Amino acid sequence: MASSSLRYSAIALFLLLSLSSSSAQLTTNFYGSSCPNVFSTIRSVVQSAIASERRMGASLLRLFFHDCFVNGCDASLFLDDTSNFTGEKNAIPNKNSARGFEVIDRIKTAVENVCPGVVSCADILAITARDSVVILGGPTWSVKLGRRDSRTASQSAANNNIPPATSSLSNLISKFSAQGLSTRDLVALAGAHTIGVARCTNFRARIYNETNIDRSFAQLRKGNCPSSSGDNNIAPLDLQTPTSFDNNYYKNLVSLKGLLHSDQQLYSNGSTSSQVKSYVNSPSSFSSDFVAAIIKMGDISPLTGSNGEIRKNCRKTN
């Protein structure tokens with residue numbers, strides 16, 4: 001009798017654990033019945049935003065990276081400061097740099113109009129990142145959904161977790177590893193710098209002081225980035241096709257035309273140089289690795305089940 005009740009207890013515990021782990025799993029059809037038009041609703045706003053400004057696609061993709069690296073993909077990045085916490089928008093990696101919040105606001109309003117109180121800001125960002133890549137010519141993927149929104153944010157975690165443009169290769173590897181991402185994931189996700197721009201303050205030291213840089217490229221960039229002024233002047237991260245999602249970023253690295261110190265670190269006689277070369281030779285392997293890595297990044301510590309909330313306004317808790 002005792003062994004039988006023990007067996008039933010074990011079965012009950014197994015079922016409970018199975019249920020709790022499955023509730024924490026993200027799925028691609030999470031809104032299949034609760035908000036079937038979520039994808040078309042989001043895509044329409046993203047397309048309109050990128051049509052108005054091509055650079056916006058890179059800005060929206062970057063928001064996803066900067067959100068997921070700070071306590072998981074929970075839309076904490078969108079929260080404005082309150083009396084209870086200091087938000088992440090003014091953290092060093094985001095201040096005067098992270099942008100596109102007003103596009104997220106427009107998407108949230110559109111989604112609330114069709115499915116009020118159903119779709120999280122965290123999931124909106126995950127879908128928006130995918131759509132931005134696709135609209136700019138990159139690969140597509142099925143977005144896993146079911147994340148909920150955080151009720152707090154952490155400026156200190158943003159400052160500590162997001163690798164700066166001055167990072168060495170070992171620092172990049174360790175920051176990505178802390179998020180459960182491999183060195184292969186790092187090199188693939190860095191390919192997001194095939195789109196977007198950087199501010200002079202983040203590449204000045206590279207173009208004036210470093211030697212592993214193409215001289216004519218450095219000279220070109222100095223034209224818009226003086227040695228002691230113009231901090232917010234911008235330059236494209238990808239010299240060749242700054243608004244097309246392709247593998248030219250890696251070609252630039254091989255030519256010593258990486259704009260940021262952290263970019264060129266990926267091709268600087270280190271452990272990642274062979275992977276960079278492989279992406280130069282095979283755009284399809286870059287695409288497939290990027291997709292695998294961004295799906296993995298989207299899985300970082302999501303709030304699911306009854307954790308967190310579905311914010312009505314992405315900028316503040318309910």
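Each Cβ is built from the backbone N, Cα and C atoms, and glycine gets one as well.
Taken from TrEMBL, the feature active site, proton acceptor applies to His66. A 10 Å cutoff on Cβ-Cβ distances gives His66 (active site, proton acceptor) a total of 21 other Cβ atoms nearby, all chains included.
For Ser76 (Ca(2+) 1 binding site), the same-chain residues lying six or more positions away in sequence with a CB closer than 8 A to its CB are Asp67, Val70, Gly87, Glu88, Ser150, Thr152, Ala153, Ser154. According to TrEMBL, the feature Ca(2+) 1 binding site maps to Asp67, Val70, Gly72, Asp74, Ser76, Glu88.
The Cβ of Pro163 (substrate binding site) has 19 neighbouring Cβ atoms from other residues within 10 Å, across all protein chains displayed. The feature substrate binding site is assigned by TrEMBL to Pro163.
Residues annotated as heme b binding site in TrEMBL: His193.
Around Asp246 (Ca(2+) 2 binding site), the same-chain residues at least 6 positions away in sequence with a Cβ under 8 Å from its Cβ are Gly137, Gly138, Thr194, Pro283. Per TrEMBL, the feature Ca(2+) 2 binding site maps to Thr194, Asp238, Thr241, Asp246.
The Cβ of Cys35 (disulfide bond) lies under 8 Å from the Cβ of Val111, Val114, Cys115, Val118, Val119, each of these being in the same chain and 6 or more residues away along the sequence. What TrEMBL lists as disulfide bond is Cys35-Cys115 (among others).
Within the same chain, residues at least six positions away from Cys68 (disulfide bond) with a Cβ under 8 Å of its Cβ are Gln179, Met297, Gly298, Ile300. Taken from TrEMBL, the feature disulfide bond covers Cys68-Cys73 (among others).
TrEMBL lists Cys121-Cys314 (among others) with the feature disulfide bond. Its Cβ placed at the centre, Cys121 (disulfide bond) has 30 other Cβ atoms within 10 Å.
Taking Cβ-Cβ distances under 8 Å and a sequence separation of 6 or more, the neighbours of Cys200 (disulfide bond) in its chain are Asn224, Cys225, Pro226, Gly230, Asp231, Asn232, Asn233, Ile234, Ala235. Taken from TrEMBL, the feature disulfide bond covers Cys200-Cys225 (among others).
Positions annotated as domain 'Plant heme peroxidase family profile' by TrEMBL: 25-318.
What TrEMBL lists as signal peptide is 1-24.
According to TrEMBL, the site 'Transition state stabilizer' annotation covers Arg62. All chains included, 22 other C-beta atoms sit within 10 angstroms of the C-beta of Arg62 (site 'Transition state stabilizer').
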Could you check which of the recorded positions (Gly72, Cys73, His193, Cys314) sits closest to Arg62 (site 'Transition state stabilizer'), going Cα to Cα? His193
Those binding-site residues listed as Thr194, Thr241, and which of them has the most Cβ atoms within 10 Å of its own Cβ: Thr194
Determine, to the nearest whole angstrom, how far the Cα atom of Thr241 (Ca(2+) 2 binding site) is from the Cα atom of His193 (heme b binding site). 11
Which recorded positions (Pro163, His193, Asp238, Cys314) fall within 10 Å of Cys73 (disulfide bond) by Cα distance? none
Within the same chain, and leaving aside Thr194, Asp238, Thr241, Asp246, name every residue whose CB is within 8 angstroms of the centroid of the CB atoms belonging to the recorded Ca(2+) 2 site, in sequence order. Ile195, Gln240, Pro242, Ser244, Phe245, Asn247, Asn248, Tyr249
Of Cys115, Cys225, Cys314 (the disulfide-bonded residues), the residue whose Cβ has the fewest other Cβ atoms within 10 Å: Cys115
